[in-house]
Ligand code: GP9
Ligand code: MN
């Protein structure tokens with residue numbers, strides 16, 4: 001009875017269409033759950049996941065419904081089905097190798113960072129993959145046995161159009177659900193995993209295709225002459241090095257510590273009489289540190305990734321979205337790791353306890369010339385070790401040492417912390433600081449996570465000293481962007497001795513200060529630097545300290561120590577600040593009083609107009625450079641363009657160990673210098689998580705083998721866009 005009913009329905013065109021939609025939905029969901037690690041949590045995310053294949057499947061398959069003639073109609077539908085199934089299968093295979101989804105450039109072989117699918121990729125096929133194509137065989141059998149028959153009656157165009165309309169409506173509905181679950185999902189595109197989780201694999205591919213087409217159009221039209229105005233600007237803007245600072249850190253290791261969401265006001269701040277970050281304060285106040293009190297974050301929507309981009313390329317992030325996510329896979333960079341490697345033989349590594357796909361890092365880092373990227377997959381990421389965005393900071397530093405000690409010196413190593421990230425939640429086992437009491441939980445707990453981060457950095461410094469790395473290193477510490485949003489600053493105001501009732505836009509701007517400290521063991525000439533600057537200025541400053549001229553590169557920042565340093569700090573929304581004035585939404589504020597200047601003198605108005613035009617030009621030129629990918633036309637003297645295919649972050653422990661072996665006695669890694677022994681016993685941490693999994697004394701390589709697992713980090717339910 002049922003069978004004959006089923007037979008009858010499948011033998012109508014619409015019934016067959018529904019069957020394919022259903023089967024495709026089924027296998028997509030199976031793949032989501034079995035193969036992809038999308039980090040789905042909570043009923044909402046599961047619900048969105050369940051419906052996300054529907055819109056595009058109906059949309060694509062529905063195209064065949066417009067065809068009237070029987071054979072072409074069935075054939076088209078079936079071919080679309082096969083093509084879509086193939087896309088799914090290829091993504092599964094690709095994901096196994098790269099933990100990422102195939103972009104249009106990968107599919108068509110234009111990707112610069114990965115080979116895409118090669119014949120060897122198919123060795124990654126697993127028996128379970130049969131679910132992706134077994135139905136195709138069953139359908140063919142269905143027709144062969146005449147269980148399914150061709151329906152000779154075409155679908156009325158009206159009906160086909162209704163189905164297309166439904167699909168489009170559902171697509172908008174799905175995108176809305178995605179935006180609710182993860183605000184700014186499409187504009188900021190944090191991670192391809194998120195796009196697939198909320199929008200489905202086909203919508204992701206469609207979205208990526210549209211974006212790629214748009215990018216390619218801009219790029220195809222670009223020529224090297226587009227560089228002229230940019231070069232004119234950067235050449236004129238270049239600030240020559242301060243001779244008393246040039247080369248003072250030459251040959252040292254560079255350790256960059258990225259303090260997540262850390263604002264300058266925390267420095268030397270006391271909450272209920274207690275220092276929140278006593279260790280960072282001691283570094284800030286030390287004579288061995290060049291500490292900046294007027295250093296601003298300049299990020300846009302790309303937050304952390306924008307900070308990284310500015311620091312390492314001295315070009316701005318984009319006006320919308322994250323440069324790393326939207327352009328970083330294909331752009332040509334002339335970034336810190338490549339320059340340092342080529343001009344001074346530095347090795348390089350990033351240590352970050354989140355998934356490599358977040359902010360598209362695993363692709364972008366290759367273009368930056370990073371030799372190693374130790375992401376979450378290199379660490380023990382059991383639930384107890386994690387905060388919302390990855391490995392807890394104390395563990396990140398501690399667990400990185402087994403890799404750090406094997407890097408050839410000098411190295412350029414960046415540590416990206418995560419514990420001090422909105423919404424500032426931390427296990428009770430890790431909290432040793434009393435929260436504030438402003439009534440806003442995230443503001444209150446900000447001090448707790450900042451304190452934890454401070455302790456983590458201290459433990460790491462202690463290790464650096466004990467292991468001997470310290471004396472031969474320059475340690476750069478910076479906060480990437482604000483931690484408390486403008487709206488929440490009103491809650492913070494009273495703790496800063498201000499009142500929320502008189503809080504202004506300018507106060508919000510002033511809160512964009514973040515720490516920037518250059519700690520140079522051995523020097524006594526440091527101290528607080530009051531010149532104005534921002535993240536864009538870091539790379540030329542760093543290069544000059546290392547004795548490398550930055551003149552030949554296209555960089556928008558200027559050396560903070562130079563007498564010609566440009567003290568106009570541009571923000572992504574075209575607000576800006578200078579030592580005397582700040583301009584917020586077109587209004588001028590006097591920095592000394594904090595008050596708005598409603599009637600500026602003619603000369604002040606002219607000055608501000610000029611600065612404002614410069615800010616606008618600078619941001620526009622940086623955008624042109626990146627959107628058009630113009631660095632591909634510009635090869636500075638002695639610079640070898642980075643070939644991202646030289647890098648593969650699958651087994652970086654194996655690689656750095658191999659290099660040590662090959663170099664033998666010439667190896668300059670700490671491990672080699674320590675008589676081929678680990679220095680991990682120099683690391684003292686009070687992290688309770690290490691009590692059970694502490695591998696201090698254990699054989700390091702076995703520890704590495706056991707910790708090289710895949711991470712189980714789920715997406716934070718909160719928005720990173722706070
Ligand atoms: C994620 C971390 C946070 O890996 O760097 O990024 P954010 O949300 O601050 O941009
Ligand atoms: Mn950040």
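For all residues, glycine too, the Cβ spot is worked out from N, Cα and C.
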Listed by TrEMBL with 304, 480, 481 as binding Mn(2+), from among 260, 334, 425, is 260
Please work out whether the transmembrane segment (160-178) lies in contact with the transmembrane segment (12-34), by counting C-beta pairs under 8 angstroms that are 6 or more apart in sequence and asking whether there are at least 3.
-> no
Taking all protein chains shown into account, the Cβ-based neighbour count within 10 Å for residue 481 (Mn(2+) binding site) is 21
In all the protein chains shown, the tally of other Cβ atoms within 10 Å of the Cβ of residue 480 (Mn(2+) binding site) is 25
Show, in sequence order, which residues other than 260, 304, 480, 481 on the same chain lie with their Cβ within 8 Å of the centre of the Cβ atoms of the Mn(2+) site.
-> 258, 259, 261, 262, 297, 299, 303, 307, 421, 479
The number of other Cβ atoms within 10 Å of the Cβ of residue 421 (substrate binding site), counted over all protein chains shown, is 25
Cβ contacts within 10 Å for residue 260 (Mn(2+) binding site), all chains included, total 24
Please work out whether the transmembrane segment (46-67) lies in contact with the transmembrane segment (130-148), by counting C-beta pairs under 8 angstroms that are 6 or more apart in sequence and asking whether there are at least 3.
-> no
